[in-house]
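Colleague: For reference, the structure I am asking about is given below.
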Amino acid sequence: MDQEFRKRWHPHNHRHPHHPRHPHHNNRTGGIVLIIIGILFLLHRIPQTAALIPHWFFSWPVLLIAIGIFVGIKNGFRSFGWVIPILIGAYALLYEHNLISLNLRPYALPIGLIVIGICVVLKRNRKSYLRKFYEEQRASPQEEVDPTDNSINISSIFGSVEKNVFTKDFKGGTITSVFGGSQINLTQSDIQGGVAVIDVSIIFGGVDIVIPANWTLKNEISVVFGGIEDGRTTAPNQADSGKTLILKGNILFGGIEIKSY
C-alpha cells in the first residue's frame, strides 16, 4: 500500500503545482486573445458591422475584466489576484448602466485597504503553511519528493513582487505583471539542463531580471508599445557556460530590464 501510494505521488508521475506549464501554450493563448480583440475592434470600426459590437465593449471596465480573465488563465487560476480587476470592472460596468444603484465610490479607499490587508494576511498564512508542509516532508525518511523549488510562478497585480532564486536546477516558469512590477534575482541559481524558459505576460507593468553574467539570453517576446532593455555588463573574454535563458511571452505597454553583476 505504501509503495503504491509513493509511486502514484512520485514527482515524475504527479506534476508539482509550481512546475511551469508549456510556454508554447501560453504564447498561443496570448496570441489568440490579441487576435480576438483585434477582430472585434475592427468590426466596431466598420460602419456596416459597428452595430454588432456594443459600445460599452471597449470601455475601461471591460478592459479590467479582460485583464482579470487573462491573468487567471495564465496562472491557471491558482491565486486570487485575477479576481480583483474582474470585480472592479464588473461593478463599474453595472453601475454605469444603472443596473445597480449602490454607489461604492465614497468607500473605495477603505474597501481597497481592507482587501489589500486580507490578501497580505492570506498570502503570509499560505507561505507559513507551505513552509511547515515542506519541513515535515523533509523530516520524513520515506518521502522521495525533493522540496527544492526549481521554477517560479510570479504574479503582480497592482503591486510589486521580489523573488530571490537559489535552486541549482532552474527550469524556468511564468511571470505575470499587470499594473505592477516584479524583481527576480537569478544570480544564485544554476541551469543543469542547459536551457531554462520563462514565459512573461506584462500589461502596463515592468519586470527586472538579474541573471549570472555567463548565461546566454535568448529573447522571443512579442512587444506591443513596450520595450526590452539589456543592461548586462559583459566582461571581456567571458567564457561560455552553456547555460541559456529563453524569454517568451507578450508585452503590452510595459517593459523588461535584464541585468547582471
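Placement of Cβ uses the backbone N, Cα and C atoms for every residue, glycine included.
According to TrEMBL, the protein has these features:
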type	residues	note
REGION	7-26	region 'Disordered'
TRANSMEM	29-47	transmembrane segment
DOMAIN	30-127	domain 'LiaF transmembrane'
TRANSMEM	53-73	transmembrane segment
TRANSMEM	80-98	transmembrane segment
TRANSMEM	104-122	transmembrane segment
DOMAIN	169-229	domain 'Cell wall-active antibiotics response LiaF-like C-terminal'
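Walk me through the surroundings of each of these features.
Modeller: Cβ atoms under 8 Å from those of the transmembrane segment (53-73) belong to residues 29-30, 33, 37, 40-41, 43-44, 81-86, 88-93, 96-97, 155, 157, 176, 178, 201, 203 of the same chain, restricted to positions at least 6 beyond its ends.
Taking Cβ pairs closer than 8 Å, the transmembrane segment (80-98) reaches residues 56, 59-65, 67-69, 71-72, 104, 115, 119, 122, 155, 157-158, 178 in its own chain, all 6 or more past its ends.
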